[in-house]
Structures are given as structure tokens and as C-alpha cells.
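Following: one structure in C-alpha cells, then a few remarks.
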Amino acid sequence: MEKWKPFFWDPIGFKVMSRYSFSKDVQVIVGGTPFNLHRDLLAARSSKLCKLFKENPDEDLSHLLSDIPTSPQIFEIMARFCYNFQVNLTPENVIAVSCLACYLGMTEAHSPHNLLNQALSFFEHEVITGWNESIRSLKAIDNPTLLQQAVQLGLIDGCMDSIINKALDNPLLLGEPIKNPVLDDDESVYKPNAKRQLFVLDWKSEDLSLTSLHLQFYEPIIRGMIQCKMGSNYIASNLYQYAKRWVFLDPKETDEEDTSSSEGDCSNSKRVAIEAIERLLPHDRGVLPCALLSEMLQYATVLEASDNCRDGFEVRIGRQLDMADVNDLLIPSQGYSKEEKYDTECVRRILKHFYHNFSGKDQCGGLNLVAELVEDFLGEVANDIDLKKDSFTSLAEMSIAASEGTQRTSDGIYRAIDIYLNKHKYLTESEREEICAVLECNKLSAEACEHAAQNERLPVRVAVQVLFVGQLHLRETITKEVAAPEERSKKSEEEDDDEDEKVMGELEKMSSKVMELEKECVVMRREIQRGCYMRKSNKIEKEKTNVWREMKRKLGCISSLNRNNCHVKKKKKKVHPR
């Protein structure tokens with residue numbers, strides 16, 4: 001392929017000037033591309049070149065002009081201007097042309113109607129007046145030298161201020177706020193006025209996205225919007241879209257224009273991007289659902305972001321933990337040395353942040369939601385075969401702490417313990433007792449007691465405790481049955497005497513049955529305790545099992561319909577306080 005060789009028309013002699021034309025030409029090599037240009041025409045427009053030519057009239061200056069900080073395309077625009085040809089300025093090249101004109105001294109002080117003045121005029125009237133044009137100009141800056149020159153000229157600040165002001169006038173330029181399905185009220189959503197609503201139909205299809213900018217421009221723009229009190233919902237929505245573009249996708253899935261320069265790749269690495277997103281993300285409750293915050297936290301962990309970054313996401317999740325779902329807490333463990341499937345320590349920290357920051361109006365409602373959430377999480381992680389005993393008991397204690405101050409039962413804890421014991425059948429009797437030590441049997445519901453009474457996975461000591469709790473539930477039920485007819489008899493004076501005698505007779509039978517069951521339970525307990533000291537004897541063990549089964553039968557735990565272990569369904573674990 002033949003190397004590109006620029007040429008220009010001589011406005012005086014109307015002759016083609018190539019790099020082999022006149023002896024008074026000067027050769028300039030820019031980016032490996034040679035340019036042979038007339039000295040007089042360059043000196044007429046550039047004060048820097050004019051001075052250089054005067055000081056070195058007959059010398060070869062190609063070695064002195066090889067360090068001009070620009071590209072061949074931008075240099076050609078400058079050369080065409082020196083030869084009085086019309087130049088085509090665009091949002092993509094105007095900043096580079098302005099920087100080159102400033103570098104060469106192409107100012108009004110040296111020559112009227114010079115290139116710098118024309119470029120700045122185009123920038124003022126055609127670039128910063130539009131959203132798309134400002135973004136296109138910033139995206140075209142592809143090297144640190146050009147960026148430094150543009151900053152000194154104030155062109156970067158001009159584009160950024162333009163973008164910020166236009167977003168303040170029309171917040172929907174940042175995208176639609178992400179609605180949190182848990183929140184019912186929309187008071188926290190920034191609502192543009194009627195004038196701003198006129199722009200709603202246009203921006204989606206026509207305007208460029210702010211997320212296409214490199215982080216070096218994106219971060220200060222978002223900071224400027226935050227300082228100007230832009231709605232936090234719009235800021236959070238745009239930050240999440242930026243994360244989807246720069247963090248979540250693989251490098252091969254990004255646009256070519258986003259990976260065109262090595263400097264852009266470096267400054268917008270996923271780790272640097274996620275850390276910047278965390279710094280900019282508002283701390284308001286509900287600006288992003290917990291699912292999206294959890295997604296960002298997982299990427300921050302995978303990318304080995306800073307501790308402050310990961311802690312920032314954990315704090316935000318903790319502040320709205322009552323809006324979370326159990327899937328939001330199932331954060332996979334990372335690293336080669338991981339032993340458990342889920343990062344339980346991360347959940348512990350999130351729960352601490354919730355209690356430290358929780359100040360909701362409905363205190364009991366929020367606590368109940370979090371208590372239920374932790375119980376569900378405990379039930380999910382109990383299925384992990386690699387979950388250690390100490391980790392499980394620690395999570396169980398955390399779940400109990402979450403239920404502190406509420407009227408919740410221990411059914412959720414019992415369900416998780418049952419799942420864990422079923423998944424870890426290799427545990428010894430003492431280890432099972434250690435796990436069950438966190439269970440408060442007196443808070444089990446009647447349904448859970450019925451299931452636990454037939455659960456062979458529970459240690460004997462715990463099963464006996466459950467039986468006594470079940471007996472207490474039975475006595476409470478009988479007491480209520482006794483109290484109800486008495487109240488009805490006081491209110492109804494016309495009740496028949498025969499019916500009273502029948503009811504009292506039935507109650508006496510039930511009371512005697514309870515007393516008989518109590519006596520038999522004491523006998524059975526003694527038999528069980530005596531059998532615990534003789535476990536090595538198969539004969540004694542068999543007798544103990546028969547006694548155990550006989551006691552269950554007498555307490556009504558075994559019938560022809562439920563000889564097998566019955567399981568408490570998760571749906572029944574919610575028992576509302578009376």
C-alpha cells in the first residue's frame with residue numbers, strides 16, 4: 001500500500017506543491033508522515049515558526065520540527081489553513097486544532113483572523129451549546145499531551161460545564177431512575193418540572209450517553225452534578241449503567257471506540273471503575289435495589305477492589321436490608337482458599353450495618369422482615385456440605401439476635417437445623433447437641449413440636465425437651481377449651497343443664513388424660529435417662545427405642561397416617577403473634 005503523501009494548492013501560482021517542489025520549502029514530519037511546506041506561508045500564520053525561520057534561514061529544520069504534539073490529520077488542517085484553503089472543523093477535531101494553533105502561536109496578535117480564533121469561535125458556538133457535541137469532543141481526546149493542553153486552554157472545563165448544566169435542565173439525559181419495587185412512595189424520586197418534560201421523547205433515541213465517556217471525564221462531571229444537587233435517583237441510575245458498560249461486560253464485548261487507546265483502557269480498568277462508582281454512589285436508602293448493590297459488591301470482590309470500596313457497598317446494603325431478598329445475600333465466596341460456598345462473614349457485616357443504621361418508622365416491621373430474611377438465608381446456606389459447624393452455629397446465633405425484640409417463633413431456626421443435620425449426617429451425637437444448643441424449644445410452634453417429636457435426627461436430650469414443650473402446648477390448648485365454655489355459660493343463662501353436664505364430663509376426661517400423660521412422661525423420661533448410660537448394649541438400645549416409640553404413641557405423635565417423619569413446610573414457619 002502506497003504511503004499517504006499530502007499536497008496543497010499554491011494560492012499564488014496555482015501550482016501543486018509536493019514535497020519535492022521548491023528549495024525554500026521546509027520538511028515537517030508528523031507521526032511518520034512527511035510534509036513539505038512553504039516557509040513564507042507558515043511564517044505568516046505562526047509566530048513560533050516565523051521566529052524559528054528567522055533564526056535559521058538556510059538550515060534544515062526538519063529535526064527541530066519533529067516534536068510537534070499533534071497527529072498528521074490535525075497538522076494537515078493547519079497546513080490547509082496556512083494555504084488559505086477552507087478547513088472543516090468538527091466537534092471531534094476542534095479541541096486538537098485549538099491546541100495545535102496555540103502551540104504554534106497562531107493568534108490574532110501575530111495575524112488577523114488566525115486559526116486559534118476561528119477554532120475557539122467554533123467551539124463556543126457549535127460545541128458547548130449542544131449535549132452531543134460536548135460529549136463527542138471529550139471522547140476525541142485520546143492522549144495525555146492533548147488533554148493537558150486542552151485543560152490549560154479551558155476547553156475541558158467548558159465541555160464539562162455544558163454537560164452538567166444541560167443535565168440539570170433535563171435530568172432524563174442521565175436515564176430513567178431505577179425504581180425500587182419495595183418502596184411504595186415516589187417522594188425520593190426527583191421529578192423534572194413541566195418545561196423539562198418537553199425533552200422526554202427526544203433524548204432516548206438522539207442523545208449520546210454520558211456513560212460512553214472515559215472515567216477521567218465521567219467522574220468529575222458526576223461530582224459536579226452532585227454538588228449542584230442533582231436528584232440522587234438519576235445519579236444512581238447513571239452510575240449503574242456506567243458499571244454495566246465498563247465493569248460487568250468482558251473487554252471483547254465493549255465498543256471499539258471505548259478501547260481505542262491504551263490510556264483509556266488503563267484509566268477505565270474494571271477495578272478502577274468500580275471503585276470510582278462506589279465513591280460517587282449516593283448513600284440514600286432505596287436509590288438502587290439491593291439486588292443491584294449486591295451485584296456491584298460481588299464484582300468489587302472478584303476484581304479485588306479496595307477494602308473501602310467493598311465496605312461502602314456493604315454499608316449501603318445494610319441500610320436497606322429490610323428491602324432485600326434472600327438471593328441478595330447469597331454472595332459466593334471468592335479466592336483459591338475458599339472453603340464454603342457463600343461468604344457468610346460478609347452477611348454478618350451487612351447485618352451489623354443494618355442494626356447500626358436502622359431508624360425506620362416501623363421498627364417492629366423492619367426487624368421482623370430482617371429476622372425472616374436471616375432465617376431464610378440460614379436455611380439456604382444449611383444445604384452447603386462445606387459449611388462448618390462453627391459457621392452454622394454463628395449464623396444461627398445471628399438469626400436469633402435478629403429476632404430479638406420480636407414475637408417470632410423459633411420455627412425458622414429449627415427448620416435450618418433440620419436441613420443442616422440432614423445434609424451433614426456424619427456428625428456425632430455431641431456435635432448435634434452443640435448445634436441444637438442454639439434452639440429455643442420453648443418458642444417452637446405446635447406444628448414444629450409435632451415434627452420435632454418424630455425427628456430422629458435430633459439428639460435425645462433435645463427431643464425430650466421438645467416433648468415437654470409439646471405437652472405445655474397441649475395444656476394451653478385444653479385450658480383455652482375450658483375457659484371458652486365457661487365464658488359462654490356466663491353469658492347464656494338459658495343454656496340447658498344437660499349440655500353443661502356433658503361438657504364438664506368431657507373436660508374432666510381431658511384433664512385426667514393430661515395428668516395420666518404427665519405421669520407416663522415422667523416414667524418415660526427416667527427410662528430414657530437410664531438407657532443413655534447403656535448405649536453400647538444392643539439389647540438395651542432396642543428396649544429404649546421401643547420405650548421411645550411407645551411414649552410417642554401415647555402422646556399421639558404416631559398414628560396410622562404419620563408413621564414416617566413429617567416435615568414442617570417452610571410455608572408454615574411464619575406464626576404471627578397473638
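Cβ atoms are placed via backbone N, Cα and C, with glycine included.
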Range among 480-502, 526-548 that TrEMBL annotates as region 'Disordered':
480-502
Run through the domain 'BTB' (24-91) and tell me, per DSSP, how many residues are helix, strand and coil.
27 helix, 12 strand, 29 coil
Any idea what the model's mean pLDDT is for the domain 'BTB' (24-91)?
88
